[in-house]
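Novice: What follows is a single structure, and I will ask about it in a moment.
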Amino acid sequence: MTSLLRYQFINYLRTYKYVPPFSIFVLCLVVNYTFIPNPILDSYSFTAIILFFLMGWFTVTLFHAEDEGQKVITTLHAKSRTQYNLGIFMICVLIGLFLSCISVIYPTLIGAFGEKPRFIHQLLGFLSHFSLSVLAIALSAIFTRELVKNKQNTWWGILGILIVSVVIATLKETILQIKGLIWLLPPVRLSLEMMGSEDSIATIPNIFYWRFVWIFVYSSLVVLLFFLLSNRKRR
């Protein structure tokens with residue numbers, strides 16, 4: 001598995017397809033903290049949403065890094081398509097982890113906030129970035145060429161699901177009127193609600209941890225759906 005991950009990552013670097021989303025990430029991070037001081041949690045919430053969209057970009061370019069012919073050869077070496085796709089998911093998660101850390105550490109190092117962030121701020125910031133990164137990876141994978149043949153539909157599908165996920169986060173009261181619907185929709189709203197807390201927050205409520213857990217569980221279920229649909233498509 002290690003050899004597969006190394007090959008997939010090096011191959012992705014050689015495509016340079018990561019340059020546009022990474023450049024936009026750096027630009028947004030720098031611009032967001034150009035003027036100081038900034039509120040802590042609100043700033044983290046903004047960059048978490050930016051990362052949410054950019055991880056969709058990283059995900060589709062990772063899944064499409066190889067042409068179909070080369071992908072067949074790599075899949076044979078990986079022993080199965082499940083292993084092949086699992087490797088890509090792992091790389092996506094590692095990228096999300098790395099960028100989440102950068103998003104939290106960078107503004108702290110340059111003193112971009114009105115007060116020095118406490119551990120509680122940094123923990124909430126990291127969990128917000130990383131949970132939304134994983135959610136974006138899961139949602140975007142559903143629209144990659146593994147399941148969607150038309151490349152144009154892939155990009156429109158990914159952009160659509162990510163935008164809808166953010167929009168419905170602002171429609172909580174309306175959604176709650178429809179019993180059960182809240183559990184089916186991407187839980188972006190949970191992250192936004194938690195990051196809407198005051199910077200003076202003293203401790204992280206236990207309910208916050210359970211909300212982050214639900215975001216990861218929801219993402220895992222979507223990834224499981226991806227593998228089920230992918231295996232069914234090959235039959």
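Using N, Cα and C of the backbone, Cβ positions are placed for all residues, glycine too.
Where the annotation comes from TrEMBL, it is an automatic prediction and has not been curated.
So TrEMBL says this about it:
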- 21-40: transmembrane segment (TRANSMEM)
- 46-65: transmembrane segment (TRANSMEM)
- 86-107: transmembrane segment (TRANSMEM)
- 119-143: transmembrane segment (TRANSMEM)
- 155-185: transmembrane segment (TRANSMEM)
- 208-229: transmembrane segment (TRANSMEM)
Novice: List, by number or range, the same-chain residues at least 6 past the transmembrane segment (86-107) whose CB is under 8 A from its CB atoms?
Specialist: 1, 4-5, 8-9, 12, 25, 29, 33, 38, 43-44, 47-48, 51, 54-55, 58-59, 62-63, 78, 113, 117, 122, 125-126, 129-130, 133-134, 136-137, 141, 223
Novice: Within the same chain, where does the transmembrane segment (46-65) have neighbours whose Cβ lies under 8 angstroms from its own Cβ atoms, ignoring anything closer than 6 residues to its ends? I mean 6 or more beyond.
Specialist: 8, 11-12, 15, 17-18, 20-21, 24-25, 28-29, 32, 85, 88, 91-92, 95-96, 99-100, 103, 125, 128-129, 132-133, 135-137, 139-141, 143-146, 154-155, 158-159, 162, 165-166, 188, 191-192, 195
